[in-house]
């Protein structure tokens, strides 16, 4: 097999690949931030002493855990616009609707999984912490935000890193609705150049490098955590 | 609601079994076939790799760890594209999209299942190996007759959870036009044009029913296993 990376890295194709890389990164970072924040909100709601709130969160989590990510993207991209008011649909369509809907589907799914991880982190804490916070005059939300959640996140860190890795890999599914992220653009380059090995090698290198970076970040945070805990 | 019932009446059979028996099998039946085949083929491989990761030979342990780490770092979609390219090179002829997807799913699942097997082996108390070796069993006998039977039994819930995620992962076969459940729904949506909400709600509901009931089943199995591990071992029964 004769390899020729030059045929794939001409200025035009290199530009496509870089564009794909940037889109993948943007999709991952924006959905990660939204997912993390929503997961914290979901945990706070789900731990509130109201049965209705708990059930709503449990239903949200069950929906996102039992349906394939790809189908969730389709639901947002194909089905939900039918329910949205006309002006909103028009606005989304003129602002890269593929990216927006894929991002919403990705972040909601990751939020469901992350909230489960944070919840088990929360369960590992002694219940007296909530009582102590309340006794000191903090409200339920303040105790949650300033006392319990930071500890729960720290306890759930390894699981949250795994979730982040899944989220990063799931961004590749956005190609199914035409988001020009890495998988999509590399397939385009492959279609034009017929250089299958070279193109997929570059795309795979991108995914492996960033995945390893996420894993390494997780390992580093874990070590720091253990040191902080005095082990 | 009426729309949903109409779609189910007109296209229910297509969603369930595809063109079968007049054409190739598809729909939900193909989704389940993909998932069961994927688990059946990847299970023995994952036991090999999972055991390999706990091996004392550095070369074996390193190779297995590298395989698992690399596969976990790649999206499933990327593996499917690689399989499209690599499998024909290995066997010397072109293969169908279905075979391609099965190969990619097997590689992906093997890496994740190997982690399950490894975790189950490491979770057993060290005394098990020591006791078995001091009774005169060889290292391979210890693994085969003492460690693996217990580890794999304890891992049953995790293996079933992995099967659920496999059922969901088969939907990615849509990308290369394998007519499983997601692709069938996509085709129905393309024919109807005006009913995406109804079609995709049906699709989501089918996956939900399957995966949710499976996850309930896993919880039941988990309870049974926990109970059997806590129960005192009856005289003469294998541990």
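Just so you know, glycine gets a Cβ as well, placed from its N, Cα and C.
Remember, TrEMBL labels are computer predictions, not curated facts.
Taken from TrEMBL as is:
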DOMAIN    A:21-218  domain 'ABC transmembrane type-1'
TRANSMEM  A:16-43  transmembrane segment
TRANSMEM  A:55-79  transmembrane segment
TRANSMEM  A:99-115  transmembrane segment
TRANSMEM  A:155-180  transmembrane segment
TRANSMEM  A:200-221  transmembrane segment
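If you look at the transmembrane segment (A:200-221) against the transmembrane segment (A:55-79), you find fewer than three C-beta pairs under 8 angstroms, all six or more positions apart, and that falls short of contact. When the stretches A:16-43, A:99-115, A:155-180 are ranked by Cβ pairs under 8 Å to the transmembrane segment (A:55-79), first place goes to A:99-115. Long-range neighbours of the transmembrane segment (A:99-115) within the same chain, counting only residues 6 or more positions beyond its ends whose Cβ lies under 8 Å from a Cβ of the stretch, are 23, 27, 30-32, 34-36, 38-40, 42-43, 46, 57, 60-61, 63-65, 69, 72-73, 75-77, 80-81, 92, 160, 163-164, 166-167, 170-171, 173-174, 177, 179.
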